[in-house]
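So the structure is just underneath, and the comments pick up after that.
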Amino acid sequence: MYILVLFIPLLSAIISGLFGRKIGTKGAGILTSSCISISAILSCCIFYETTLNSSAAYIKLWRWFDSDLLTTNFGLQFDSLTSTMLIVITSVSALVHIYSTGYMSEDPHIPRFMSYLSLFTFLMIVLVTSDNYVQLFIGWEGVGLCSYLLINFWLTRIKANKAAIKAMLINRVGDIGLVLAMLLCLIEFGTLDFSAISGLLVTPNINRENVTIICLLLFWGAVGKSAQLGLHTWLPDAMEGPTPVSALIHAATMVTAGVFLIIRSGPLFEVSSLALTIVTILGALTAFFAATTGVVQNDLKKVIAYSTCSQLGYMVMVCGISNYSTSLFHLMNHAFFKALLFLSAGSVIHAVSDEQDMRKMGGLIQSIPFTYTMILIGSLSLMGFPYLTGFYSKDLILELAYDKYYIVFAYWLGSFSALLTAFYSIRLIYLTFITNSNSKKEVLMGVHESSLNITFPLLLLAFGSIFVGYLAKEITLSNVIPPIVSNSIKMIPLLFSLFGAFFAFVIYNSSRLWRSGMNPALGDIRDGILGYQGSSRIARPFYTFFNSAWQFNYIINHFIVGNIWKFGHLITYRVIDRGVLEIIGPRGISNVIIKLTQNISNLQSGMVFNYALIMIVFTTLFISGAPRGFSSIW
C-alpha cells in the first residue's frame, strides 16, 4: 500500500505519455483520473494507520551511496506530516485531473497534458515521502521541471515560454541554497537523513553557528519554491499556463514544497533563534506585500495568484514562531479553498470565451449562478469568514503571532493583510458577477454553466472549503496550546476582514451614489483602484506602484539581472572563456604546436649540402664522445 501510492501515479504518467495515441484522449483522461483517485484512497488508508493510530512507518528499499563520506538509502517515511500532505496532494490532484478532462476537452494534446499532471503528482509524492535530503532534492527538482513543462504547455505562446523560463530560473536561484545546505549538513553531521540529524542535534558539542547557516540556506531554498518576498516574481507569471495547472501548482504541489521543507527541518530551525526570527519577518512581509498587490490587479487569475502568495506568507510566518502544526493545518485548509477558487475562475473564463480581465466581465450572476456560489464560498473561506475552513487556521495564526510579544508587528501586518484579503475578494466577486456587464453582446449571450466534469470537482472542493477546517482541527492541532489573549485581540482580524469586505462593496457600489451626487469621493477612490484615467493625481501613483508589484520586476531586471549579465559577458566570457582559458587552452596549445612543427619543418630544407653538414656535425659529436663512454663502461 505504501509503495503503491508512489507507483500508481508514475504508471499513469508513463502510460499516458508513451501510449497516449493508442488509448486516445478519452482513455488518457479516464486512466489518469482513476489512478490518482486510487492514490487518494490509499492516502486516506495511510492517514488512518499513521496518524489516527499513531503508527509511523519507515521503509528502506535500496542503498544509493555507500562510501566513507556518505551512505544514503532510498527510503520512505510515513508519519503524520507525510500522511497529511499525501491527502492534500492526491485529493486535490484527483479533482484537478477530473476537471481537466472537461476544461481541456478541445485541446488536441490531452494525453501529454494528463501525463505531465500525473508526473507532477508523482514527483511531489516523492518529495513528501522521502526520509533524507538527497531523495527530497530529486522530488524538489522534479516538480520544478514539471512546472516548466505545464506552464509552457501551450508552447506556441511567447508569454508562456517566457513565464516558464522565468519560473525555472528563479527556482534555480533558490535551489542553490538547498544544495549548499545539504553540503553543510554533510560536513557538520556526516549524514543527510532526517531522523539522524534530529538525533544529533541534542548533543552538547553541536556548532550552533553552522546550524544557523544551514537553516538560513534551507530557508533560501524555501523562499524560491514558495514564492516568498524577493523570489516571488515567477508566481503571477505562472498564470500563463492552463487553469488546471494554476490550481495544482498553487493549491497542493509546488508552492507548498517550501513550507513542507521548513516543517520537515523544524528540529534544525529550533536550534537557531535568529533563523526563526528571519522566517517570521519575511513571512509577515510577504503576506502584506502580496495583499497590497492583489488589491489592484485586474486579471482574474492574478488576483487569486497573489492571494496564494499572501497565504504562503502566513504559513511561513507561523513556522517562524515554532508552530509547525498550525502551518500544516493552514496549508491543508488553503489547498481546498484555493483549488476551488482557481477551478471556479477557470469555469468563469471558460464561460466568457477565455476573457480574464475582470473589467470586461460583470453581470454573470444570473447566467452562471452555480459558479458564482462556488467562488463566493471560496472567497469567504479565504477571508476567514466564521466557521468556514479558513477561519480555524487563519485566526489561530494571528493569535499565536500576537502571543510572541517580541515580534508582535507580525500580528498587525497579518491583520491588515486580512483586511486587504477581504477587500480584493469582494472586489473580485463584485466586478465579475454583480456590477453591470462590460462584455460584448455575443460573449454575454453565449455564457453558460460548464459541463459535469467541471462542476463536480467544484462541488466536492466546496464541501472541503466549508467542513475540512472543522473536521481536521482536533487531529492536526492536538499538540497546539491555544494562546491566552484578550477577546478584543481575537476579534480584531475578524473585524478587519468584515470592514474590508464592506468597504470594497461600498466603493464598487458607489457608482449609483456618485451619479446621484451623494458621495463623489467614493467614486474617485474606486477609479483610483481600477486605474481609470479620471482618477485623482493622488490615487494614480499608488495604483501604479501596487499594480506593478512594488516595482520588483523592474528592480530585479535592471539592477540585478542587468549587472549580472554584464559581469558574465565582460568577465566570465571575454576575460576568462575567450581570454585566459582560450590562450592557455585550445588556442595556446595549437599555436605552440604550430610554431614547433614550423621550426622542425625548417630543418627539412630539401638541399643536399644541409643534410651533409648535419651528418658531419653529428658524426663528429659521436666520435668525440665515444671514448668517454667506453672508458666509463670499463
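In case you wondered, yes, glycine gets a Cβ from its N, Cα and C as well.
Listed in TrEMBL:
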DOMAIN    64-114  domain 'NADH-Ubiquinone oxidoreductase (complex I) chain 5 N-terminal'
DOMAIN    130-421  domain 'NADH:quinone oxidoreductase/Mrp antiporter transmembrane'
DOMAIN    424-511  domain 'NADH dehydrogenase subunit 5 C-terminal'
DOMAIN    540-622  domain 'NADH dehydrogenase subunit 5 C-terminal'
SIGNAL    1-20  signal peptide
TRANSMEM  30-49  transmembrane segment
TRANSMEM  84-101  transmembrane segment
TRANSMEM  113-130  transmembrane segment
TRANSMEM  136-155  transmembrane segment
TRANSMEM  176-199  transmembrane segment
TRANSMEM  243-263  transmembrane segment
TRANSMEM  303-323  transmembrane segment
TRANSMEM  364-385  transmembrane segment
TRANSMEM  405-430  transmembrane segment
TRANSMEM  451-471  transmembrane segment
TRANSMEM  491-508  transmembrane segment
TRANSMEM  608-626  transmembrane segment
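Between the transmembrane segment (303-323) and the transmembrane segment (405-430), three or more CB pairs separated by 6 or more residues in sequence fall under 8 Å, so the two stretches touch. Sequence-remote contacts of a segment are chain residues at least 6 beyond its ends whose Cβ falls under 8 Å from one of its Cβ atoms, and for the transmembrane segment (136-155) they are 109, 112-113, 116-117, 119-120, 123-128, 130, 161, 163-165, 167-168, 171-172, 175, 178-179, 182, 221, 225, 238, 240-242, 245, 248-249, 253-254, 257, 261, 264. Counting same-chain residues at least six beyond the ends of the transmembrane segment (608-626), none has a Cβ under 8 angstroms from any Cβ of the stretch. Outside the transmembrane segment (364-385) by six or more residues, the chain places 307, 311, 333, 336-338, 340-341, 344-345, 347-348, 351-352, 391, 394-395, 418, 421-422, 425-426, 428-429, 432-434, 437, 444, 447-450, 455, 458-459, 461-462, 465-466, 469, 493-494, 497, 500-501 with a CB less than 8 A from a CB of the stretch.
Counting residues 6+ beyond its ends, the transmembrane segment (176-199) has Cβ neighbours under 8 Å at 58, 69-72, 77, 131-134, 137, 140, 207, 210-211, 213-214, 216-221, 223-224, 261, 264-265, 267-268 in the same chain. Residues 28, 31-32, 35-36, 38-39, 42-43, 45-46, 57, 59, 61, 76, 78, 86, 90, 110-112, 114-116, 118-119, 121-122, 125-126, 129 of the same chain, all 6+ positions outside the signal peptide (1-20), place their C-beta atoms under 8 angstroms from a C-beta of that stretch. Most Cβ pairs under 8 Å with the transmembrane segment (491-508) belong to 405-430, among the candidate stretches 30-49, 243-263, 405-430, 451-471. Taking H, G and I as helix, E and B as strand and the rest as coil, DSSP gives the domain 'NADH dehydrogenase subunit 5 C-terminal' (424-511) the counts 65 helix, 0 strand, 23 coil. When Cβ-Cβ distances below 8 Å are used as the criterion, the transmembrane segment (243-263) is approached by residues 81, 85, 88-89, 92-93, 96, 99-100, 103-104, 117, 120-121, 124, 127-128, 136, 139-140, 143-144, 147, 150-151, 153, 174, 178, 218-219, 221-228, 235, 269, 279, 301, 304-305, 308, 312, 315-316, 319, 324, 327-328, 331, 334-336, 338-339, 342-343, 345-346, 349 of the same chain, each at least six residues removed from its ends. Under DSSP, the residues of the domain 'NADH dehydrogenase subunit 5 C-terminal' (540-622) split into helix, strand and coil as follows: 77 helix, 0 strand, 6 coil.
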